[in-house]
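Written below as structure tokens is the structure these notes are about.
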Amino acid sequence: MRMENNRRSSSNASTPTRRVPDMADPASSARSDKTVDTISIRKRMDLKSEVEELENQLQLSQMQNRHLQSQLDRGSPADTGYDDQSPSARRMQKLEKVNSRLHDMLDDSAKKVSTLEKNIRTGELSLRDVQARSHEEILDALNSQEESRRSLLHSHKDAVAELTDVKSHFDKMRHERAKLELELRDAKSDLQEMTLAREHESQSRSQLLQEYTDVQIRLDAESSKLADVVASLDMYKARADEYFGKLEQAEMTVLKASRAEQFAKSQAKEAEDTYAEVMAGRQKMEAAMDDLQRQNQRLEERLEDVSTDLESITQAKKRLQHELEDYRNQRAIDIEDKESSMEQTRKKYQAEFATLTAELDLAREEKLYKQAEIARLREELDELRSKWDDEVLNSSTWAKEKARLESTLADVASSRDEAVNAHNEAQGKVVSLLSQVRTLRSSVDEMTSERDLLLREKRSLEACLAEAKAGLDGLTKAGDSPLLRDAAAVDREMLELKSGLARQEDIAAAAVERMRRAEALVSDIQKEMAAEREAGSELQRRKASLEKSLNEAQLRLVDLETKGYSSASQDIKFLHKRIQELESQLESKETERTKSQRSARNIDRVVKDLQSQIERKEKQNSQLSEDVGRMRDKADKLLKTIDDLQASESTNQLSARRAERELREEREKTMRLERELQGWKGLRGLQGQAGGNNPASSAMPLGAGSVRAAAGRLTPLRGTEEDGSERSRQGSSLGRRPSLTKGFL
């Protein structure tokens, strides 16, 4: 605008200076048509030059407007947060104002052209007068005008060369573009004044030289500032690259942590599911195993009870058969003996009584021995019952077993009562004493054989239990085999197994403490029982001595009674009573012996069950500890492989980020080069249009003026483009926002 105002002032000032002397000279009558023609031609050429300059300015302003609009479009996504009073908006407003002014000036120039055409139409007479004049005068005027134009053209070329030098220096000064553009416009206005007015040439040249020296001084200062700014910019770029590298590393660590967390959660869920399935299967197997063990124990107990009942029944049957045979034989002998004399019967009974007393003494000694053993067995039975009571408190199944044993005991007692009644019926026979002695001996033999059989059965049952234990261990191993395939369920199983192991250790510790207490009680009770045994043995000895004396007295009494009785019926009744007493004693001993055996069997079973459970738990704990160790090793290997994969993935992502950044920078460079190429193409198009629109006579000065104006208008455009490219490059390198999703897939 300043250049246009200067041009208007110069044109307006030049035309009146050339018109006023001609118009203000009324006395001169030598006003020729030549002066009129030159004035009109000058006016027309001035108007044409002004119109062309205005058109060039309008085109350049439109190009600048488009360039700024494209920059605004590119910068609008990043600058949406700014308000309407941003520098770009202000610049747009200024450009719109300049555009409107240029349009106004174009309208003014069109009006001037129209007025000039009117003047030319009105001045057709003067042109005819000029044509009537001599051609030599016109050629002289034209030659003089051409010489003046050539001199102006040479001066204009010199000024344009100087301006190109100045513009080459101005291109380096980017940070103070506004001030230098104003000075450049002043210099251009001075140069245009020099081209239009010869008298101001020397002054304008001196001013241009002074301004050029000032510009060089400023250029040196600005170049030093630019070097400092470039150094600081490089430093900031290096820092920005370091910060971006650190940021990418931090994002990769966050990505690794998030992925590790997701992987751990998924593995924990899978481990929980597999652990629940395995534990459910294991609980089912343990329940089935417990049921099988209980059924086996019940069957064994029933088998033992049935075997003992069968043996007792067979023994009773044999005893009754022997008694019947003895009764028959004795009945025949009694019938034969009744016919004999009393002396023979007395002698025979005395001999038999002597043998019976000897056998009774032996039976008493055996009875004492049996009573001592029974006392010892009772003590052991009491100890085992105390242990049994402790074990009964731990489970409710023992109560059922106790009720069942009591029912079997009641059945055995009823069978015993029936046998006792049958035996009491057969006690009326005298000869049954000898058979009873034989049955005692046979019962002792049978007890020994029964003990051997029981030991054999015990060994066979132990072998069966060992086989069952091995099978159960195989089942547990087969049940634990899926754990070996599930490497992801290690941590969860470790925790559960540790808790189970702690519970089993607590249970085992409690059982060991109970066993220790029971052993202490057993030792105390054994000591007390030893003292009681000694006292009981002394009492039994005294009792035996008293019984011997009593037997001797009874024998004497029997002798006296046999002598006093006339018949043998009373002796037979006495013998029956004695036999019944002996049989009752033997039956009580047998019942006590069977009870002690059953209690001992039950205690052995309980002890075996506890030992088998403890061994099974120990094996399970050892297997679980081995499985835990293997699973830990596998988990460590998997974690190492996961870390390696994450590290490789992070390096790949970093390389991809760097490649994207380089690609973005290359795209920005190509866009900048395309913009520069478009600017140069537009400049060449403008130059071609300016050269095509000019007439042949005024080609040289008008072409030079248009090129000068285009170059003057293009330098700020080029500066703005380079500034925009610099800003885009800086914005791409420094103004980048840290991405919140960088590094994530």
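For all residues, glycine too, the Cβ spot is worked out from N, Cα and C.
Whatever TrEMBL says is automated annotation, not expert-curated.
Looking up the ranges 170-197, 422-449, 450-477, 534-561 in TrEMBL, the one annotated as coiled coil turns out to be 170-197.
Mapped onto DSSP helix, strand and coil, the compositional bias 'Basic and acidic residues' (627-643) counts 17 helix, 0 strand, 0 coil. Secondary structure of the compositional bias 'Basic and acidic residues' (585-620) per DSSP, as helix, strand and coil residue counts: 36 helix, 0 strand, 0 coil.
The DSSP breakdown of the compositional bias 'Basic and acidic residues' (657-670) into helical (H, G, I), extended (E, B) and coil residues amounts to 14 helix, 0 strand, 0 coil.
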